Amino acid sequence: MGIAESTPDELPSDAEEQLRSGDQQLELSGRRLRRLPSAVCALSRLQKLYVSGTGLRELPEEIEELRELRILALDFNKLERLPDGLCRLPRLTRLYLGGNRLLALPADFAQLQSLRCLWIEGNFLRRFPRPLLRLVALQSLQMGDNRLRALPAELPRMTGLRGLWLYGNRFEEFPPALLRMGRLHILDLDRNRLGGFPDLHPLRALRVFSYDHNPVTGPPRVADTVFLVGEGAVERMAERDEPTPRPPPRRPARAFEDEEEEDLLIGGAGSRALGAPGGSFRALEAAPGLGT
């Protein structure tokens, strides 16, 4: 059976049935859509919109009409740019943009002041998008598998950040700004080009540090409460006086419900391991979160 394809301006035939559930959500994942049907933007009460793995190439400016939208999944598509209208969604808390072709984010992206969880892994970002620095409420930032070489000195402005995933980038030195991110719980620098680390004791809230697949000869100096993943980690943790902490999940799983803050740092398989979706990601179960 082939993937259903809708005409550009019409809602799929089953959309009305979905909306009648009263949950104000629309699942379009896995369909063949080059652009979002214009009728979707007329659903002014919509709160959850899933458009993953559809081949989507563009979004209309009219997406800003979805003023009640809280969750927007656009991952595994072919988006090269985002419209300014997407930046005018005042209630948006979760945005999934992984696996697209994005080189940058719009300057107005900083208007998304309700955003708490952003996945933008698997794109073509060479520089850290500066609009993100103004998202002080953002708690979970997934930027793995991009092309970053450095982080801005102003990164500590993101005082709400608790989980930062930077695996699969091109860092050759540990970014100095990270040493001033004292509220981070999870830091993932797998698969970079790091040859060493500074003393990481300044990261007092750190609970998980992953540095696997880097050209380092041993683990960094960290507090005994930090779970390490990488060369020499098992030996280092075995030397501790206290029992080795139970490892919290390192990679965030997809979660589409409006959980509390602690559930934004949930664990499980990252989206890069899932491949293009054939349907909804909502079937994935959320693991227990890491509290603040």
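Along the chain as shown, residues are numbered 1 onward.
Yeah, the Cβs are placed from backbone N, Cα and C, and that goes for glycine too.
Pulled from Swiss-Prot, these are the features on record:
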REGION    1-20  region 'Disordered'
COMPBIAS  7-16  compositional bias 'Acidic residues'
REPEAT    22-43  repeat 'LRR 1'
REPEAT    45-66  repeat 'LRR 2'
REPEAT    68-90  repeat 'LRR 3'
REPEAT    91-112  repeat 'LRR 4'
REPEAT    114-136  repeat 'LRR 5'
REPEAT    137-158  repeat 'LRR 6'
REPEAT    160-181  repeat 'LRR 7'
REPEAT    183-204  repeat 'LRR 8'
REPEAT    205-226  repeat 'LRR 9'
REGION    236-261  region 'Disordered'
Tally of residues which DSSP labels helix, strand or coil - the repeat 'LRR 7' (160-181): 5 helix, 3 strand, 14 coil
Distal contacts, the repeat 'LRR 7' (160-181) - CB-CB under 8 A, six or more residues away: 116, 121, 135-154, 187-198, 200, 202-203, 205, 210, 251-252, 264-265, 270, 272, 290, 292
For the repeat 'LRR 8' (183-204), residues assigned helix / strand / coil by DSSP: 0 helix, 3 strand, 19 coil
Reported mean pLDDT - the repeat 'LRR 1' (22-43): 88
Structural state census, the repeat 'LRR 3' (68-90) (DSSP three-state): 5 helix, 3 strand, 15 coil
